[in-house]
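J.: Attaching a single structure in structure tokens format; questions to follow.
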Amino acid sequence: MKVINLFASSIITTLSMLTLPIVLTSTSIYKNKLYPQYVKTAISYAFMISMIPTTMFIYSGQEMIISNWHWMTIQTMKLTLSFKLDHFSMIFVPVALFVTWSIMEFSMWYMHSDPFINRFFKYLLMFLITMMILVTANNLFQLFIGWEGVGIMSFLLIGWWHGRTDANTAALQAVLYNRIGDVGFIMAMAWFLINLNTWELQQIFISHHNNLNVPLMGLLLAATGKSAQFGLHPWLPSAMEGPTPVSALLHSSTMVVAGVFLLIRFHPLMEHNTMMQTTTLCLGAITTLFTAICALTQNDIKKIIAFSTSSQLGLMIVTIGINQPHLAFLHICTHAFFKAMLFLCSGSIIHNLNDEQDIRKMGGLYKVLPFTTTSLIVGSLALTGMPFLTGFYSKDLIIETANTSYTNAWALLLTLVATSMTAAYSTRIMFFALLDQPRFNPMITINENSPLLINPIKRLLLGSIFAGYLISYNITPTSTPQMTMPHYLKLMALTVTLLGFILALELNLTSQSLKLKHPSNLFKFSNLLGYFPTIIHRYMPMVNLSASQKLASTLLDAIWLENALPKSISYFHMKSSVTISNQKGLIKLYFLSFIITLILALMMINSHE
């Protein structure tokens, strides 16, 4: 009992540490220049305290701890405030806090000249808190609060520089695409309420219903919107219009992994539903390949990293599709470290080059930004799944499991090609941004000696090297791993990754001296993001607008305002006058007869005189 009390008190301390800076916003401290420092310190302390219950939980061998507070009863349904602390939430909380701590410290350097930096830090903290609510929720209502919370905070943070049209458009785009996903979530909530009369996860899992395709498809739609899967993915690269710390937090430990986390939470329902698994697998495979293709030809450093996130999210969805939720969760945790670090390194480069994001205008940075360069290379290698870095422990396992599971060969092939492309676009970033000769303005002064820049990247660098081993050692698998495997399957992931590296280097070296006279169709497809934004954002609105214009002009103007009223009145008037009178309305003839009469009268008067 004492262990549980200590456990509960340490968790409460962690969460209260996070809410303290929010409470301080109502005092004069919020106007103080040291407020960002307070927020950063609060998160660092919360991380250190959160390690205590996590360590206790892992080594005590518990399955989960659920705390329940009755809130209200609506007719027959009981609504509770219920927190579920299992392996997933207990490991994710310290990871999210650690990554956010580093991002907050980096923000103090990156956003130092922003007049509203205190508000920025408050928004970032609220973003983290809503994610914590989502992760620890034990019922759909709390999950929905966290879900909508990360949605609205992402809108406020992506549109932070609201004086720019692009930032406003990107923020609105993020909200609108997520609205489509939210429809699926609300549909699933309504279905569970009507059919099972509960929103509690445990009660949903134990109540056997014959056909769960409708709510599961709703949840998959919700995950597609939030985790930027194919079809609802265009908002993710657009979200790069926000400040770099926002991109780092959005892509590492909050918003985008929420969709994958939702599917992990509801995995017990999907476990024996083959239709749902196949749909999830195919969606993930298409996403991971399509976004990897798009990343190959982008020139904006942040957009390349954004597409790599979408590709990794596709890989996580593939993992859920092959019935391995613990592996998907492991990839969420390992991905958070190196993805946050990649964004912080790109932020360091962008800030030092006076907000230049085009990799064609960089080059030679290994001489002037040695620490950033080292971190970027380690992060890129971790992303590609280089052995014994963080990414290897999850990515290699996922591909091995996919190779040996009863999956369809098509989805597996797409995933392997996408893995190869990951190495290709990572090589491209390193080649263009870091190597060769400088291609930027020589007047730029570059300095990476601020501890606010070095320390967070250093922490994430250590995480990108060691975290994978530590986390994989402490996550218990939910299914029996493959005992035996042929050598060629074991080395498949490494082989395709090395192939990607070699091809990318070969292409980069070739394109230095030779350039395509006319870009190929494949290049256009990749560079224009598969024509997706053009079709969705240009062609479809144009069709809708032209149809509405025709309806307005034909239906309203021509038919109602012209034909139905004035013309019909004149037509009926003419018909009735022709029917009633003998006169045919030949006005020229009438005038002629009138003139003839007048002339005859004049002639008679003249002759009389």
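Just so you know, glycine gets a Cβ as well, placed from its N, Cα and C.
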J.: Using Swiss-Prot as the reference, determine which range in 439-459, 460-480 is annotated transmembrane segment.
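T.: Transmembrane segment, as annotated by Swiss-Prot, spans 460-480.
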J.: So, taking each listed stretch (41-61, 276-296, 585-605) in turn and counting its Cβ pairs to the transmembrane segment (115-135) that are under 8 angstroms, which one gives the highest count?
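T.: Of the candidates 41-61, 276-296, 585-605, 41-61 scores highest.
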J.: Let me spell it out: take the transmembrane segment (276-296), skip the flanking residues so only those 6+ beyond its ends count, and list any with a Cβ under 8 Å from a Cβ in it.
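T.: Distant Cβ neighbours of the transmembrane segment (276-296) are 212-213, 216-217, 220, 224, 228-230, 233, 237, 263, 270, 303-304, 307-308, 310-323, 407-408, 410-412, 414-415, 417-418, 421-422, 424-425, 428, 525-526, 529-530.
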J.: What same-chain residues lie close to the transmembrane segment (304-323): Cβ under 8 Å, and 6 or more beyond its ends?
T.: 223, 227-230, 233, 236-237, 239-240, 247, 251, 256-257, 259-260, 263-264, 267, 270-271, 277-289, 291-292, 294-295, 298, 331-332, 335, 339, 342-343, 346, 359, 383, 395, 398, 401-402, 405, 407, 411, 415, 418-419, 421-422, 425-426, 428-429, 479
J.: Count the CB pairs under 8 A between the transmembrane segment (368-388) and each of 41-61, 244-264, 328-350, then give me the winner.
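T.: Stretch with maximum Cβ contacts: 328-350.
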J.: Which bits of the chain, at least 6 residues beyond where the transmembrane segment (328-350) starts or stops, bring a Cβ under 8 A of a Cβ in it?
T.: 87-88, 91-92, 95-96, 99, 102-103, 106, 110, 244-245, 247-249, 251-253, 257, 260-261, 263-264, 301-302, 305, 308-309, 312, 315-317, 319-320, 356-357, 362, 365, 369, 372, 375-376, 378-380, 382-383, 389-391, 393-395, 397-398, 433, 448, 453, 456-457, 460-461, 463-464, 467-468, 471-472, 475
